[in-house]
Amino acid sequence: MASLGVNIDHIANIREARRTVEPDPVPMAMLAELGGADGITVHLREDRRHIQDRDVELLRQTVRSRLNLEMAATAEMVAIALRVKPDMVTLVPEHRQEVTTEGGLDVVAQLSELTGMVSQLQTSGIPVSLFVDPVASQLRGCTDSGARWVELHTGRYAEGSWNDQPHELARLTEGTATARAMGLRVNAGHGLTYQNVEPVAAIPGMEELNIGHTIVARAVVVGLQQAVREMKALIQNPRRDPLFGQALG
């Protein structure tokens, strides 16, 4: 059964839209945990467009589940992670003009650089996950880097047409199996919603789904705790086949 990591970046987005102090993502993380979140995920971007350094520092002190820090593969971010010591670091690609992360890391092209960073972090007791597309060559690169986890990019599945989704779901299923055969542990995320999460949650070997925007959007209507409860229920009892998205049973 997959667990749920709640990404609270979009709470910080609301705050930063007015350059004010509310809503504060730190107490919101507590509400997410009360709603059943198995972990809290934040992305500290180089441009600090939403999550700020003080958020990460305070979340490290207050999160009672797991704190997953998403970050670019830079010396600055590695230094922050080594100081804060989150429960996991997920290295992600980052571009200044993007609205959100647009694809997976090119681990093959960046293997030497990533290997050094993975070693630094894991030597300090911080497990590292690499955010990648479900492609065998990239998964092999993850293994070569020394990383113990991958997070599969679900964007093509989540944003695909009705006709494309079964194919993209099959890629995620095959990618999960391939990664596990290589000794990697598997998370997934990007663009998952209440409407499309169940087939991904049902993939054998899937350990955690990191989900943010849809939960925060739902929270506007029902509150954050209830929004998390509803997503957790879908993940714990997925009702659709992981290959074809059809109802189970």
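Glycine is no exception: its Cβ is also placed from the backbone N, Cα and C atoms.
In the three-state DSSP scheme, His43 (active site, proton acceptor) is classed as strand. Summarising the annotation, Swiss-Prot assigns active site, proton acceptor to His43 (among others) and lists sequence analysis as the type of evidence.
The active site, proton acceptor annotation in Swiss-Prot covers Glu70 (among others) and rests on sequence analysis. Neighbour list (Glu70 (active site, proton acceptor), Cβ cut-off 8 Å, at least 6 residues apart, same chain): Thr41, Val42, His43, Leu44, Val89, Thr90, Leu91, Val92, Phe131. Annotation note: Glu70 (active site, proton acceptor) sits in a strand segment as assigned by DSSP.
What Swiss-Prot lists as active site, proton donor is His190, and the listing cites sequence analysis. Following the DSSP three-state reduction, the secondary structure of His190 (active site, proton donor) is coil.
The annotation 3-amino-2-oxopropyl phosphate binding site is assigned in Swiss-Prot to Asn7, Arg18, Gly191, Gly212, His213. Gly191 (3-amino-2-oxopropyl phosphate binding site) counts 20 other C-beta atoms within 10 Å of its own C-beta, drawing on all protein chains shown.
Residues annotated as 1-deoxy-D-xylulose 5-phosphate binding site in Swiss-Prot: Asp9, His10, Arg45, His50, Thr100. Look at His10 (1-deoxy-D-xylulose 5-phosphate binding site): DSSP puts it in a helix. Long-range C-beta contacts of His10 (1-deoxy-D-xylulose 5-phosphate binding site), restricted to its own chain and to partners at least six residues apart, with a cutoff below 8 Å, comprise His50, Gly212, His213, Val216, Ala217.
Counting only same-chain residues six or more apart in sequence, the Cβ atoms lying under 8 angstroms from the Cβ of Glu151 (site 'Transition state stabilizer') belong to Thr90, Ser129, Leu130, Phe131, Val132, Val186, Asn187, Ala188, Gly189, Asn210. What Swiss-Prot lists as site 'Transition state stabilizer' is Glu151, and the listing cites sequence analysis.
Asn7 (3-amino-2-oxopropyl phosphate binding site) sits 10 Å from His190 (active site, proton donor), taking the C-alpha atoms as the reference points. The binding-site residues Arg18, Arg45, His213 differ in how many other CB atoms lie within 10 Å of their CB, and the one with the most is Arg45. A count of other CB atoms within 10 A of each Cβ picks out His190 as the most crowded of the recorded positions His43, His50, His190. Separation of the C-alpha atoms of Arg18 (3-amino-2-oxopropyl phosphate binding site) and Asp9 (1-deoxy-D-xylulose 5-phosphate binding site): 15 Å, rounded to the nearest whole number. Look at His213 (3-amino-2-oxopropyl phosphate binding site): DSSP puts it in a helix.
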